[in-house]
Structures are given as C-alpha cells and as structure tokens.
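Engineer: Feature annotation from Swiss-Prot assigns active site, nucleophile to CYS394. Swiss-Prot lists HIS524, GLU526 with the feature active site, giving sequence analysis as the kind of evidence. Feature annotation from Swiss-Prot assigns UTP binding site to SER21, LYS200, THR201, LYS202, PRO203, THR204, GLN205, LYS236; the stated evidence is sequence analysis. The feature CTP binding site is assigned by Swiss-Prot to SER21, ASP160, ILE161, GLU162, LYS200, THR201, LYS202, PRO203, THR204, GLN205, LYS236, with sequence analysis given as support. What Swiss-Prot lists as ATP binding site is SER22, LEU23, GLY24, LYS25, GLY26, LEU27, ASP79. The feature Mg(2+) binding site is assigned by Swiss-Prot to ASP79, GLU153. Here Swiss-Prot flags GLY367, LEU395, GLY396, LEU397, GLN398, GLU417, ARG478 as L-glutamine binding site. The annotation domain 'Glutamine amidotransferase type-1' is assigned in Swiss-Prot to 304-551 on the grounds of sequence analysis. Summarising the annotation, Swiss-Prot assigns region 'Amidoligase domain' to 1-279 and lists sequence analysis as the type of evidence.
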Amino acid sequence: MSQPRAEHVTKFVFVTGGVASSLGKGLTASSLGQLLTARGLKVTMQKLDPYLNVDPGTMNPFQHGEVFVTDDGAETDLDLGHYERFLNRNLSGNANVTTGQVYSEVIAKERRGEYLGDTVQVIPHITDEIKHRILTMDRPDENGVRPDIVITEIGGTVGDIESQPFLEAARQTRHDVGRENIFFIHVSLVPYLAPSGELKTKPTQHSVAALRSIGIVPDALVLRCDREVPEPLKAKIALMCDVDQEGVISCADADSIYEIPKVLHREHLDAFLIRRLDLPFRDVDWEEWDSLLRKVHEPEHELTVALVGKYIDLPDAYLSVTEAIRAGGFANNARARVKWVPSDLCQTEEGAEKELGNVDAIVVPGGFGIRGIEGKIGAVRYARTHRVPFLGLCLGLQCMVIEAARAAGITDASSTEFDPQTTEPVVSTMAEQMAAVSGEADLGGTMRLGAYPAVLDKGSVVAEAYQTLEVSERHRHRYEINNAYRQRITDGVGLKFSGTSPDGKLVEFIEYPDHPYMVATQAHPEYKSRPTKAHPLFTALVKAGLKHKNDEEK
C-alpha cells in the first residue's frame, strides 16, 4: 500500500462521451466514484451541461427527465441523483454547471465593468468562468476536508458545437493544475453489426480522433457495447487510439446499474487510474456493495408497485422515485417491480380497478399542470377504499387532500393550480409564489426549493417510519394545503395532518391512521434515498405492500 503524500493535491478526472448520446457517462462516472470511495478516497462529482437554460427547472420532463433538487435548493441534472446514490453523500448546487449559468455570469460581470474594457470572448472569458467552477469543487467540505478526486462529467458528445467551450476548459485545466493531476476518460460506443457478426471499432477511432484534434488525449477508454469486447479488439483500439491497453475498458450492458462498479473493477479501471495519478489507496471494501447485489439478484420476496404518473413515456422523468422504490425493496430483501400506470387511465373506478387491481402498493409522484390530475385523484381514491398501501409525493399529497375533501362532502374541492376560480381551494398558491404564478415574476428557480425541516406528531405513522419527530426533506413546489380546510377534512374522513413546518403553518405530512399504510408528504423524499440506505417512507411502503400481498394470497 502506498503512503499518503505530505501535501494534499486534488486530482481531477474528466469523463467525456463520443459517437452517441445516452451511453451511460453518468453511470460510468458514478460507478468509478463509488469504487474510489470504497478504496478510502474522498470523492466529489460535478456535471457540466452544455445547454443554454440556466437550470433544468423549466424544461419539459419528456425531453430532459427529472429535475434533481439538492439540499441547498439547486435544480439540477438527473445525473446528480446517480452521483449522490453511488457516492452516498450530498452534493451542492455547485455540482451542476450549465452554459446558461456561465454566460449569465460572464455577461453580468461585463455589465459591472469587471473586465476593464476587454472584448469579452468565448476564450478566455467563458472558458475561465468554466474553469473557475471546476476548480471550485476542490473546496473543503463542511468538515474542512478537501476531496482527493473531483470527477467531472462533460455532457453532450464530442463534436457537438455546444460542448466545445467545456472541452477547451478541461484541456486548459490540465495545463493549469499539471498533467500529472489530470485523468481523461472517454466513453464510446462499439456497435455490433448482426448481419456480419462483427463489433466495429471505427466509430470509436473517429471519436478519439475528434477529441485529440481539440487537444485532449484520453488516458482511458470505456467501451460501451451489448456484449463483452474481446481482448484482440481492445488491443486494436489501444493501438489505433494511442491508449495504454490496460486503459481500454470493456463495459457491456449489465442486468442492474449497481453491477457497473464491479465491471469497472474487474477491468482494473480504478487500479489503473490510481497508479497514473499516484494516489494513496487501500483495497476495495466490497462488504456493503456485495450485500446490496445479493438483494438485487437473490431477493426473498417480490411485489409490484404501481407508479401513477403523467410522464411515464419517459421513465427518466421519475428516475429518483423508481430507484427509491427499488431501494425500499432492497431494505426488505425484496424485488420491487414498478408497474407504469398512465394517470389518465385511473379517472373512473373501472379504470382504476383494471390498472391497480393487481398491485401491492401505489405511488403518486410529483408533477405540474391539470393533465392527468383526476386520474391521480382516482388512484388515491382506489388506494383508500381498497386499503392498498399508498405513498404520495408533493403533488401526490395535494391529490390525497383533494380526494379526502371530496369524500368529506366538499364536492367542489380543487387546487388553484388546476382551477384558479375554484370555490373550494383546499390547495392554494403559497403567498410568496403569487407573483410567479401571475406572470409578474420569473418561473425559473423561484419555487420553494431545497431542504426544509418538519415536525412530526408523536405516535403517527410517519414518526414510526422515521423513528424520530424532527426531519428534513427536500422540496420543489409552489402550492400548499389551505389550513382553513384542515379541521373539516379531519372531521369528515379521519385524515390526519401528522407533520408540519416548525411554525405549524405548512402541512408537510398527512396520513390515515386506520389504513394499513396511506401516507403522503409535500416533500420529495426520493432525492435522499440511497441503494444501501433506503428512505424510511419507501421502506415502510414496501413493508406494507408485502403484507398486503401476503394477506391477499391467503
């Protein structure tokens, strides 16, 4: 084992992609981060996104997938969710940088006169701002500890116009911090052509040539393929791309994303990187990860959880929710299969019965807008009347309150989000959100965002799940429960408002005490779930779902 260096020097690892998008750069980077963490190194991660939006907060979920919210209230790329889950640590908003943020800051500096009359250009001003944000990740954490490694994923594909400033900034970073402190990983596609029965290396060769043409020579290549890349082909790629053969990594499609760290370790990527960067290390501690993989591949139980959503045509729109459901399964030594249910199909009792009659638990996640709302409310009604375990998230809580109010006799109960003129606004716009909703203020970045505390009622279902009375969860919403209706709803159907903000003004948790498990939260607990440490609300949901399944089978 090598000895720690006397002077701390942070190393920077850049992950780029070529040939095609959606190759799994984020999962590759996350898995490498998990491996290096398991070797005792302090790792942090960052995503550079080459789109002009300041953040993904106002982007269509069908295009971008979910928006991942950090503790400090940043709306970020879904890859940050992978980073947090694989590293088992919280990241800040600094971990996601967009072209929109960079240009906004540079233009603001120009208006303030900070460039002293310079002609502001992509090089050096834009690239300098990008480098500043990369190097910012080297700052000490809350415990005063600096990272050993910063892994930065550069979004997009090599050759894209919009990615060029980020790639140039990465190239310059190598010059600024020293070549011995930088490691470039290029993720590339090796397609299999069925008619000829061949794996083709030419796309990777062209992709690496494009990368080299802008001054970046990759230290390692991660070859994505639907099968293992044989050694002779790896040797050919190493020769043609001028990469050490031990730096050519085969990464075939895996049955579970949680197998990828094992795949990269088997190919010795972590050992190769550590040697090249002269990092101190220990052997990989696989105990926790092996325990996870046993639960992934050899669960004792199975159940089906319905996810009733508006954006199910793109599963990435609910990525953290589905991973939290699966993690809840792992915590119960069970395989939780997700059944995707379009919310529109659950509007009627017959439709809900058809879609939800064979499931063991139901989740209604967050979302925006009126489309599909009555179907979500129908799913809530089905869960309540058929005593199916249920968890509502953000909008799911609001739908649960609307359904409860209607069941309590407030037949016109609705939300001002869906019906601004409703006579029974059981869900209403938060006071500080009125300007954004009316169009007088910006929509982007103005919601109630980030971690907020809540106080739970002693003896409540949620307090039992959390095993504490004080919790903190991440939020992303503009609407809240109208307190004027709380008592009427409780008296009418027995719904309990079991958790609020510390001042008691904002409803954070609700539940039916006499239901096997029917809970909802205004927060997004899925963001804090980890594969090795499931979120308590999802663990409790799966536990109740397994009991429901066993009771149904008797």
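Cβ coordinates come from backbone N, Cα and C, glycine included.
Computed from a predicted structure; not experimentally measured.
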Engineer: With an 8 Å cut-off on Cβ-Cβ distance and a minimum sequence separation of at least 6, pull the same-chain contacts of LEU23 (ATP binding site), or say none.
Structural biologist: GLY17, VAL187, SER188, LEU189, ARG224
Engineer: Give the maximum pairwise CA distance in Å, whole number, for the residues GLY367, LEU395, GLY396, LEU397, GLN398, GLU417, ARG478 listed as binding L-glutamine.
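Structural biologist: Farthest Cα pair among residues binding L-glutamine: 14 Å.
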Engineer: Starting from the Cβ centroid of GLY367, LEU395, GLY396, LEU397, GLN398, GLU417, ARG478, which together make up the recorded L-glutamine site, report each further residue of the same chain whose Cβ lies within 8 Å of that point, ordered by sequence.
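Structural biologist: These residues sit around the L-glutamine site: GLY366, PHE368, CYS394, CYS399, SER415, VAL427, HIS477, TYR479.
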Engineer: Tell me which of the binding-site residues GLY24, GLY26, PRO203, GLY367, GLY396 sits in the most Cβ-dense spot, judged by other Cβ atoms within 10 Å.
Structural biologist: GLY396
Engineer: Taking the recorded ATP site as SER22, LEU23, GLY24, LYS25, GLY26, LEU27, ASP79, identify the other residues of that chain whose CB atom sits within 8 Å of the mean position of the site's CB atoms, giving them in sequence order.
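Structural biologist: Result: GLY17, THR28, ALA29, GLU153, VAL187.
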Engineer: Averaged over the whole of the domain 'Glutamine amidotransferase type-1' (304-551), what is the pLDDT?
Structural biologist: 91
Engineer: Rounded to the nearest angstrom, how far is the Cα of LEU397 (L-glutamine binding site) from the Cα of GLY26 (ATP binding site)?
Structural biologist: 31
Engineer: Between LEU395 (L-glutamine binding site) and LEU27 (ATP binding site), how far is it from one CA atom to the other, in Å?
Structural biologist: 29
Engineer: Quick check on the binding-site residues LYS25, LYS236: which one has the highest count of other Cβ atoms within 10 Å of its Cβ?
Structural biologist: LYS25
Engineer: Out of LYS200, THR201, PRO203, CYS394, point to the one nearest SER22 (ATP binding site) in space (Cα versus Cα); all of them are recorded positions in the record.
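Structural biologist: That would be PRO203, the closest of LYS200, THR201, PRO203, CYS394 to SER22 (ATP binding site).
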Engineer: Within 10 Å of the Cβ of the residue listed as 'active site, nucleophile', how many other Cβ atoms are there?
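Structural biologist: Step by step: centre on the Cβ of the residue listed as 'active site, nucleophile', count other Cβ atoms within 10 Å, giving 23.
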Engineer: Among the recorded positions listed here (ASP79, GLU526), identify the one with the smallest other-Cβ count within 10 Å.
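Structural biologist: Candidates: the recorded positions ASP79, GLU526. Fewest Cβ atoms within 10 Å: ASP79.
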Engineer: Over the residue list SER21, LYS200, THR201, LYS202, PRO203, THR204, GLN205, LYS236, recorded for UTP, what is the maximum interresidue Cα distance in Å?
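Structural biologist: Taking every pair of listed residues, the largest Cα separation comes to 24 Å.
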Engineer: Between the Cα atoms of GLN398 (L-glutamine binding site) and HIS524 (active site), find the distance and write it as a whole number of Å.
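Structural biologist: Cα-Cα, rounded: 13 Å.
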Engineer: Measure from the Cα of GLU153 (Mg(2+) binding site) to the Cα of every one of the recorded positions THR204, CYS394, ARG478, then give the nearest.
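Structural biologist: In terms of Cα distance, GLU153 (Mg(2+) binding site) lies closest to THR204.
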